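S.K.: So Swiss-Prot lists these for the protein:
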ACT_SITE  TYR235  active site, proton donor
BINDING   48-53, 74-75, 111-112, 139-140, LYS244, 273-275  NAD(+) binding site
BINDING   TYR225  substrate binding site
SITE      GLU75  site 'Plays an important role in discriminating NADH against NADPH'
Amino acid sequence: MIIKPRVRGFICVTTHPVGCEANVKEQIDYVTSHGPIANGPKKVLVIGASTGYGLAARISAAFGSDADTLGVFFERAGSETKPGTAGWYNSAAFEKFATEKGRYARSINGDAFSDHVKQVTIDTIKQDLGKVDLVVYSLAAPRRTHPKTGETISSTLKPIGKTVTFRGLDTDKEVLRDVTLEPATQEEIDGTVAVMGGEDWQMWIDALDEAGVLADGAKTTAFTYLGEQITHDIYWNGSIGEAKKDLDKKVLSIRDQLAAHGGDARVSVLKAVVTQASSAIPMMPLYLSLLFKTMKETGTHEGCIEQVYGLFKDSLYGATPHVDEEGRLRADYKELDPQVQAKVVAQWDHVTNDNLYELTDFTGYKTEFLRLFGFEIAGVDYDADVNPDVKIPGIIDTTV
């Protein structure tokens, strides 16, 4: 079939398998052209491995450190008549390229929050890898079925203690509009912490540790975004911020747990990028469009692969890691450069419907958004007939 982008709200409902493969290849080429990661990991588990930062971690490990990788994700395969999810195609492409390079690459499709998927992962590590020396936690999910209670909990993006009104960008209609968010209830805050906080990360490490599949010296990191003053009311000081603070709490006990075997645990803070998750946050498209323009002007613009490869090379496995006073690894320091932030803040209130394309890089934002789904990739013929039914050999699919 010939596949064209069809966007509804903040989701593109079509995906392009050849475009997704080309996107993965671009990221692999970036890593291989920038050289190996000294003293990097060799056997890596990535939880949330199919898109965005998790995919970039899998690529950085496999192609920057010659690591064998096991990826966990929740995606949908395509059929002859309907495209699958971008994450499915990304993972198929990653496995193809990693296998060609002689690296082990296997994937588990299912609910990473569940006890069952944790057990399947442990069994697969025991059978195929023995032990892992790095666990990357990169889940972005709107809801979670708690494995102990069976209750399905949802996360909420809301301020705490006050109503907040801010500028938003309607990306469909390409108009600016004010968005008002009512304060979260305590139940909504608790739900957001349960979905996006550190409990599941802790459960994963506990399960892996008890099963004896963590190597001596094993490291773990969970990816997060903190943002700057302009987003704080709905982010750091809101319901999602409470989940981020929970990560900061949980990492302390995980760090103690791994330190007993010479290992370490860190929260890694990454910059704002276009993802399916960030495009759903009302103020992020405008913020990202302004940020992209400013960072491209200063020559510091980065996407997922540049961020994660740099995090691995400089901080996770580097001699002089970028660490903040909370003990987090920081890869977002170029975004938080005071001059960059000052320019974003200065332009924030001056953007109008008429000058949107002049004051911001909304064009770049839209391109990055479509690239998530395999569109707008250089060298891909989007008029060609493609087969949306792409197999992942050896996948362990717990959803069927």
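Quick reminder: no glycine exception, Cβ is built from N, Cα and C everywhere.
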S.K.: Translate the DSSP assignment of LYS244 (NAD(+) binding site) into the three-state scheme.
M.R.: helix
S.K.: Taking Cα atoms as reference points, rank the binding-site residues GLY48, LEU139, TYR225 by distance from GLU75 (site 'Plays an important role in discriminating NADH against NADPH') and give the first.
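M.R.: Going through GLY48, LEU139, TYR225 one by one, the closest to GLU75 (site 'Plays an important role in discriminating NADH against NADPH') is GLY48.
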S.K.: Suppose we draw a 10 Å sphere around the Cβ of GLY48 (NAD(+) binding site). How many other Cβ atoms does it contain, all chains included?
M.R.: 25
S.K.: Distance check, please: Cα of GLY48 (NAD(+) binding site) against Cα of the residue listed as 'substrate binding site', rounded to an integer number of angstrom.
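M.R.: Rounded to the nearest whole number, the Cα-Cα distance is 16 Å.
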